[in-house]
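Visitor: Okay, handing you the structure first.
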Amino acid sequence: MNLERLRKRVRQYLDQQQYQSALFWADKVASLSREEPQDIYWLAQCLYLTAQYHRAAHALRSRKLDKLYEACRYLAARCHYAAKEHQQALDVLDMEEPINKRLFEKYLKDESGFKDPSSDWEMSQSSIKSSICLLRGKIYDALDNRTLATYSYKEALKLDVYCFEAFDLLTSHHMLTAQEEKELLESLPLSKLCNEEQELLRFLFENKLKKYNKPSETVIPESVDGLQENLDVVVSLAERHYYNCDFKMCYKLTSVVMEKDPFHASCLPVHIGTLVELNKANELFYLSHKLVDLYPSNPVSWFAVGCYYLMVGHKNEHARRYLSKATTLEKTYGPAWIAYGHSFAVESEHDQAMAAYFTAAQLMKGCHLPMLYIGLEYGLTNNSKLAERFFSQALSIAPEDPFVMHEVGVVAFQNGEWKTAEKWFLDALEKIKAIGNEVTVDKWEPLLNNLGHVCRKLKKYAEALDYHRQALVLIPQNASTYSAIGYIHSLMGNFENAVDYFHTALGLRRDDTFSVTMLGHCIEMYIGDSEAYIGADIKDKLKCYDFDVHTMKTLKNIISPPWDFREFEVEKQTAEETGLTPLETSRKTPDSRPSLEETFEIEMNESDMMLETSMSDHST
């Protein structure tokens, strides 16, 4: 009987994915060869591929092969891992090797002529050891031990520099900081293990690591020319555009990838985040339904559905349901945790939002977004010290991100550091202009309004008006922008213009107490500036307000109480990795006001029309 021919047939059926046929012949070969270890190993492989995990593990462990051969130990542990028996899998990998293992192997070679499995089973020892480290990392991940998981992935990569799965798990899950990524790349023995492909590996690794770098034309080494159109390389470039807030260019690149490969795994999270940032709800709806139909067990499918419900608004309960399903399928899926936090943040549920963001921060140590959102929530709960600390951490990871710069400026404003706030806002504006030469995305409207607020504090009234008018171009029907312009006009003594702007603001939002109060004061001051006799021309200008002169004179006494409280508007904008729709919340803050006579002699001692904070979710 020619067993070698039957063994080749087993491998042939495995290559053709005819696993049942392969299993049948592997079982017969194992019996004919008197259960030689390599035949039992291939029998276990066939059982594993037919999802008979416990049978496969029993075939190896009942014969003690997992204690004698690294390949058998790895396969037995992988069977337990596939059956979600994580602790048993770890026990198999970490079991102590018998002292007489090498003597026994030598005996097998001498007595039975059995060859070294490294050559007979077509696997090198370094490759098997790397696979064991990789599997150990996955098990630690499943057991929520991220530190040991990270260490195991690093070891797997050092043992086998071609083990891209370990590298991808480290980078795509943001398990390393930028400095740690750099140190890892330098520590890899590329010249020792892959002399010929060293340039190729270095290019591919560096290209995937530079997500926070400024996007530039991809420079392909001559030795690997032809990778310009490779989809993984294009996705890495798109990711850099995404993290530098150039969402339109990112969308162009991801659309090209999705056209060539509609379900490209590494492109999907970036593409979904871009659709949210650009508010393409219909496209996201179509994509999410297609993903759920085709890949119901993939967390990115439910992440897409959750993002859609967050984007359309008033569907936060639905969004949480689907995002929770994504985190159940893969509890280390960071983008879903960020979006889950957004679903609470939109309802001003700060504690639940921060809990989700903290979970994301633990999972995504190398990503700045969880830190940004935690800081934002602390800012909204008036804890500026903690907010500043988290913004600083986000800034250390992504120093070029205009969203982070903007939030640091907001904290400086709240601390009364007007010059510092202006610097951060202007830096953020420069970064945005560098992306597209001019500010056109409506998500930057809060930044322009905040520049107007800080310029008003610095008594740069002309510049403040200019910034508020630019904000009106982006979002024309924003009542708070009109009231801010009216306020500046009142400070400049242009009471007629101020009255017009406050009236427009009230037309857009009738319950704006700040505009109601300021309108009354400006009308009174406008009358005071006019002649004692109110002529027909003045009456014509004021008749639209339905106030008689007596009402105007007594307006201060009627509406002064609202000075005690004023409504602040906070605009948050979400997305990650990950982008979700603009969120608006309001809160009231006590404030003491000077007398009417002092109102326009000095800039009001208000805590000011609250700076709008922008929030963007990068989903990857």
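Positions of Cβ are set from backbone N, Cα and C atoms, glycine also.
Copied straight from Swiss-Prot:
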REGION    574-599  region 'Disordered'
REPEAT    37-62  repeat 'TPR 2'
REPEAT    70-93  repeat 'TPR 3'
REPEAT    267-294  repeat 'TPR 8'
Visitor: Quick check on the repeat 'TPR 8' (267-294): DSSP residue counts for helix, strand, coil, in that order please.
Guide: 25 helix, 0 strand, 3 coil
Visitor: Mind looking up the mean pLDDT for the repeat 'TPR 2' (37-62) in the predicted model?
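Guide: The predicted confidence over the repeat 'TPR 2' (37-62), as a mean pLDDT, is 95.
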Visitor: With DSSP helix as H/G/I and strand as E/B, how many residues of the repeat 'TPR 3' (70-93) fall in helix, strand and coil?
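Guide: Summed by class, the stretch gives 21 helix, 0 strand, 3 coil.
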Visitor: In the repeat 'TPR 2' (37-62), how many residues does DSSP assign to helix, to strand and to coil?
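Guide: Here the numbers are 22 helix, 0 strand, 4 coil.
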